[in-house]
Amino acid sequence: MKTIIAPSVLAADFANLQRDVELINESKADWFHIDIMDGMFVPNISFGLPVCAAIKKHAKKPMDVHLMIEQPDRYLEAFKKAGADMISVHAEACPHLHRTIQNIKELGLKAGVALNPHTSLDCLEFLINDIDYVCIMSVNPGFGGQKFIPSTYDKVRKLKSMIDAANADVLIQIDGGVDSGNAEKLAEAGATVLVAGSYVFGAEDPKAAIEKIKF
Ligand code: DX5
Ligand code: ZN
């Protein structure tokens, strides 16, 4: 299977959002990646429910909502209503991560766990068979356009072994600083979903840029 590409709408032109959503519809990308930041869990505020719902009106591909917010349980249902097909929550923001994952699945959505760069994979040991994807942050969350952290490769390989050993069906998503300089190496290490924001929307030809990172 080829790598799933999920362009991050955070890097789109918000004044031309419909145009940029349609560009992704017409491209070889597979999902929309929607970054929700609350100014508390991360030091930045992105956009919220109405923008998510507006994207959904035009999006012809699944919407992957990455919640970088405190106490995400409060908003799971609202993001489902705003069009989420899958939701990832941060392990660091969820003291009852297993329960939060069950809550996402009970809504009929795919469930993911996102991990900050310094967060160990250990917290997944007793959860690996309950989740659909792991979002490995390859930058510190909060901003687009940051530099890729190279220790990510090792983390991907370790996660892949963990998934294989558990015989689990879990996608490995990489988020932050993904571009044509690291995509192939990430896919070789075991990544199955690549999120890319500034690389895609900053490219002269975003559709060609997407094809270039699909391995
Ligand atoms: C970072 C976000 C990422 C970000 C990716 O907090 O979770 O999804 O938008 O953007 P780039 O690809 O520009 O690093
Ligand atoms: Zn993200």
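Cβ coordinates come from backbone N, Cα and C, glycine included.
The active site, proton acceptor annotation in TrEMBL covers Asp35. Its Cβ taken as reference, Asp35 (active site, proton acceptor) is surrounded by 24 other Cβ atoms within 10 Å in the chains shown.
Non-local neighbourhood of Asp175 (active site, proton donor): Ser8, His33, His66, Ala114, Cys135, Ile136, Met137, Ser138, Val139, Pro141, Val195, each in the same chain, at least six residues away, with C-beta under 8 Å from its C-beta. Among the features that TrEMBL reports, active site, proton donor is placed at Asp175.
In the structure as shown, the Cβ atom of His66 (divalent metal cation binding site) sits within 10 Å of 28 other Cβ atoms. The substrate binding site annotation in TrEMBL covers Ser8, His66, Gly142, Phe143, Gly144, Gly145, Asp175, Gly176, Gly177, Gly197, Ser198.
The divalent metal cation binding site annotation in TrEMBL covers His33, Asp35, His66, Asp175.
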Spatial neighbours, same chain, of Gly177 (substrate binding site) - Cβ under 8 Å, 6+ residues apart: Ser138, Val139, Gln146, Lys147, Phe148, Ile149
Lowest local Cβ density among Ser8, Ser198, which the record lists as binding-site residues, within 10 Å: Ser198
His33, Asp35, His66, Asp175 excluded, remaining Cβ within 8 Å of their centroid (divalent metal cation): Ala6, Ser8, Leu10, Ile34, Asp64, Ser88, Cys135, Val195, Gly197
Rounded distance in angstrom between the Cα atoms of Gly144 (substrate binding site) and Asp35 (active site, proton acceptor): 10
